[in-house]
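In what follows, a single structure is set out as structure tokens and then discussed.
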Amino acid sequence: MAEDEIWTEKYRPRRLEDVIGHQQITRRLISYVKSGNLPHLLFSGPPGVGKTACAVALARELYGETWHSNFIELNASDERGIDVVRNNIKNFARTAPLGEAKFKIIFLDEADALTSDAQSALRRTMERYAATCRFIISCNYSSKIIEPIQSRCAVYRFGPLNATDITTGITRIAKNEGLKIEKDGMDALIYVARGDMRRAINALQSAATIAKDITADVIYQTTSTAKPKEIEDMLKLALNGQFMDSRNKLDELLITYGLSGTDIIDQIYRSMFELGLDEDVLVALVDRIGEADFRLTEGASERIQIEALLAHFKMQGAARSK
């Protein structure tokens, strides 16, 4: 394989038993392979947790060498309208499977991006071509998939991968690539990944371009992520009434890491639970963080929203000390 190959593709599982995490789901999928048949499937869960990996591995095991001819992957976020159903999906679904396959598989990724009309057309297509085609529908939020589609599928919910799963996958890759990962480097990868194996692998590949000894500093540097302790220090300054010092720390983080407003808010949210705050204080802060996050999505000033958030931390700290 080429040295510059993207690692998320290079290390994509070829078999269902190689998929990391989700053992209960992979066991069910393996049983489909053994029976030679499967229903329509709905995979729901956040990005990078193995939905596509399971779909591709399922097709590989089910079809063998003809899997490319009997399996197609479409991304619904590229074309949200009804045309993707009328053209791409129907054109593939109406042709007969090759070899000894009983049916073909259409893997529709990010299907929650489809409009309601497109989903209704998809439901009709699923019914019409059920004899020769199976659908694997992947989405981040199953609530955005219309009920008539959900009721026609076996639903599998993929949760974020835990630290053990991330460690297992990253350790395999590091060994194969001749990398040494320090403990703090692995902790940093787990922190950066947030349960997303794809993000962890991409972070490792980026770090490997500048060092073979992977430390926390290398991970945070290459992923433009602030160290958790630096975020905690900024919040502690605000809680202790040192608003201007916390503001200066914010400046330092913005310059050093080039963080976006949403990145900082996400890290603030994750770090504040490590500060030993009372539940009432946490409730008030979570409410304020949610408000700031919403305003950023609406186009508000990042700087003003984050500084307002630090000001709220200061006020909560002052109230706590009374």
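Just so you know, glycine gets a Cβ as well, placed from its N, Cα and C.
Annotated features, as they stand in Swiss-Prot:
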BINDING   G45, P46, P47, G48, V49, G50, K51, T52  ATP binding site
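DSSP assigns G50 (ATP binding site) to coil in the three-state reduction, placing it in neither a helix nor a strand.
The Cβ of G45 (ATP binding site) lies under 8 Å from the Cβ of K51, N140, R157, F158, G159, P160, each of which sits 6+ residues away along the same chain. Neighbour list (P47 (ATP binding site), Cβ cut-off 8 Å, at least 6 residues apart, same chain): N140, D196, R198. The ATP site is defined by G45, P46, P47, G48, V49, G50, K51, T52, and by the 8 Å test on Cβ atoms against their centroid, the other residues of the chain that qualify are F43, S138, F158, D196, M197, R198. V49 (ATP binding site): 22 other CB atoms within 10 A of its CB, across all protein chains.
In the shown protein chains, 22 other C-beta atoms lie within 10 A of the C-beta of G48 (ATP binding site).
Here the binding-site residues are P46, G50, and the one whose Cβ sees the fewest other Cβ atoms within 10 Å is P46.
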